[in-house]
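See structure below.
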Amino acid sequence: MQQPTQVPAAVVTQDLEKNVAIEQTVNRQVTCANNAPIKLEPHELPTSWPALKKWSATLVIVLMTASITFASSIHTAGISAVSQSFGVSKTVATLPVTTFLLGFATGPLLFAPLSEVLGRTLIFRVVLGLFCCFNLGCALAPNVEALLVLRFLCGFFGAPTVTNSGGSLADIWPQSQRSVPFALFTTGSSLGPVVAPIVGGFVAENLSWRWHYWIMTIFSGVVYVAMLFLLPETYATVLLQWKKKQAGIEPVKMSFKERYANDLTRPWTMLFTEPILFTLGLYSAFIWGILYLDFTAYPVVFQQGRQWSQGKAGLSFIGIGIGMAVATASSPWINNLHGAIVKKIGPKPEARLPHLIVLAWFIPVALFWFGWTASPGIHPLVPIAAGVPFGIGFVTLFLGTNAYLSDCYGRFSASAWAANAVLRSLFSAGFPLFASQMYVRMGIPWANSTLGIIAVVMAPVPWVLWKWGGWLRARSRFHLWTMDLEKGEEG
């Protein structure tokens, strides 16, 4: 079968041609009056920043991500208090978790592609500032209806910070150096929602549930100030546009539809036309759904089943946290492994996958382990320890799949991450709504075994992409487009 080496003319539609005109401003095709090409010199690229500047920016990105994901699950610790405060059922009191994640699913569809046009920093400053304001609103919410709306807005304006952060890291770090920064980013993304119920449990025992949101307002406000001072623009396209303006070259006048419409629809287009993205998105969504299901299921197991207090029950998440910490600590080894694989097969995205072929099986093992050891007659450390392999598998899979998407889609990684976040957030929003009923009706062993069977079916995904990822990429419109853009820059 003939393997395509470039985008066929029939595939390059009019909208792509318009966007190519925008994206190719990164290279040197625009000249000034003396015919000298306007381009970014190597020292002007974020990948050439001093190490201190790179790591300070990376730390800010990690903290921004952690503040958003911490907010996503902090409400779970206050469900009972919100139910009593507003006189509503616990199901209704759980809905602020769902509305946050629904907002989380929709926000990136607008702001992620805009970051590829307007730049990362402007989007960060707008959305993170609004996220701080709406958390303040949650702390002052007069009724449950207001809380539901404000939580949706928190998710809507918080999500772009998470999805665009991956693009910023890809801007700052060359492919060969991304493993450790992405591991820290993944830790911020994953430990945030795990630590929140632990902190929130003790806060709920001693203070009002509103203090969950006062804490979030303070935390996100401090991070916002740090972002203003330590995170400059990283997107090469925007940096080149600024340089051209300094040289007196005005950008081409384009209508809103020409400039933005295609960019705003790109995540949807990629999600439903890119098999790689859809498959990894579905896999990531299932794993994230389990994590957020645990925030509702663990109280059933430890508070109702073992009569633990809310603060003590929050400590049951320590197992997952330890697993995530172990996975993060192993990032240098993963980086070395990636380097060794690259030497064998070249700098292909599939070099991110070999270790995931094994670690993907940690998820079903953890689910079966927890399900059949969670009964009150078994020492609580045994089911808590089941969180360790889950945390290891969760972080390494999240890190590996995101790095794979960044390597595969390059300049369009923010749109790819946004599409991935849509599925992930929808699953995370839905799973907590049926968690309590599932565990009560099916029992803990069979409820977890059901999830474990699904995890077994999905575990071969990394192996499938390892075997056939190259074949799929050779037929991927956006991957080939990215390759053309990179070749244009080099040429």
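Placement of Cβ uses the backbone N, Cα and C atoms for every residue, glycine included.
Just so you know, TrEMBL annotations are computer predictions that nobody has curated.
According to TrEMBL, the feature transmembrane segment maps to 55-75 (among others). Distant neighbours of the transmembrane segment (55-75): 49, 82, 96-97, 100-101, 104, 124, 128, 131, 135, 151, 154-155, 158-159, 161-162, 165, 168-169, 172-173, 181, 184-185, 187-197, 199-200, 212-213, 215-216, 219-220, 223, 226-227, 230-232, 234, 292, 295, 428; these residues of the same chain sit at least 6 beyond its ends, with a Cβ under 8 Å from one of its Cβ atoms.
Taken from TrEMBL, the feature domain 'Major facilitator superfamily (MFS) profile' applies to 57-491.
Feature annotation from TrEMBL assigns transmembrane segment to 95-115 (among others).
Same-chain residues lying 6 or more positions outside the transmembrane segment (122-142) and placing a CB less than 8 Å from one of its CB atoms are 64, 68, 71, 107, 111, 114-115, 150-151, 153-154, 157-158, 160-161, 164, 210-211, 213-214, 216-217, 220-221, 223-224, 227-228, 231. Annotation comment: TrEMBL describes 122-142 (among others) as transmembrane segment.
Per TrEMBL, the feature transmembrane segment maps to 148-170 (among others).
Sequence annotations record features per position, and here TrEMBL assigns transmembrane segment to 182-199 (among others).
Taken from TrEMBL, the feature transmembrane segment covers 211-231 (among others). Distant neighbours of the transmembrane segment (211-231): 56-57, 59-61, 63-64, 67-68, 70-71, 74-75, 77-78, 121, 124-125, 128-129, 131-132, 135-136, 138-139, 168, 199-200, 203-204; these residues of the same chain sit at least 6 beyond its ends, with a Cβ under 8 Å from one of its Cβ atoms.
If you look at the transmembrane segment (276-293), the same-chain residues 6 or more away from its ends with a CB under 8 A from one of its CBs are 72-73, 97, 101, 190, 193-194, 270, 320, 363, 367, 390, 393-394, 397-398, 401, 404-405, 408-409, 416, 419-420, 422-432, 435, 451, 454-455, 458, 461, 464-465, 469, 472-473, 476, 479. The transmembrane segment feature in TrEMBL is assigned to 276-293 (among others).
Among the features that TrEMBL reports, transmembrane segment is placed at 313-334 (among others).
Under the heading transmembrane segment, TrEMBL lists 355-372 (among others).
Counting only same-chain residues 6+ beyond the ends of the transmembrane segment (384-405), those with a CB under 8 A from a CB of the stretch are 166, 178-179, 182-183, 185-187, 189-190, 194, 276-277, 280, 283-284, 287, 290-291, 316-328, 330-331, 334, 349-350, 352-353, 355-356, 359-363, 365-367, 369-370, 373, 413, 416-417, 420, 462, 465, 469. Residues annotated as transmembrane segment in TrEMBL: 384-405 (among others).
The transmembrane segment feature in TrEMBL is assigned to 417-440 (among others).
Among the features that TrEMBL reports, transmembrane segment is placed at 446-466 (among others).
Long-range contacts of the transmembrane segment (182-199) within the same chain, counting only residues at least 6 positions beyond its ends with a Cβ under 8 Å from a Cβ of the stretch, are 58-59, 61-74, 76-77, 162, 165-166, 169, 215, 291-292, 295, 298, 314-315, 317-318, 320-321, 324-325, 327-328, 331, 334, 391, 394-395, 398-399, 402-403, 406. Scored by C-beta pairs under 8 angstroms, the transmembrane segment (148-170) has its highest count with 95-115, from the stretches 95-115, 313-334, 355-372, 417-440, 446-466. For the domain 'Major facilitator superfamily (MFS) profile' (57-491), the model's average pLDDT works out to 86. Between the transmembrane segment (95-115) and the stretches 355-372, 417-440, 446-466, Cβ pairs under 8 Å are most numerous for 417-440. If one looks beyond the transmembrane segment (355-372) by at least 6 residues along the same chain, the residues whose Cβ comes under 8 Å of a Cβ in the stretch are 287, 290, 334, 337, 383, 385-390, 392-394, 396-397, 400-401, 444-449, 451-453, 455-456, 458-463, 466.
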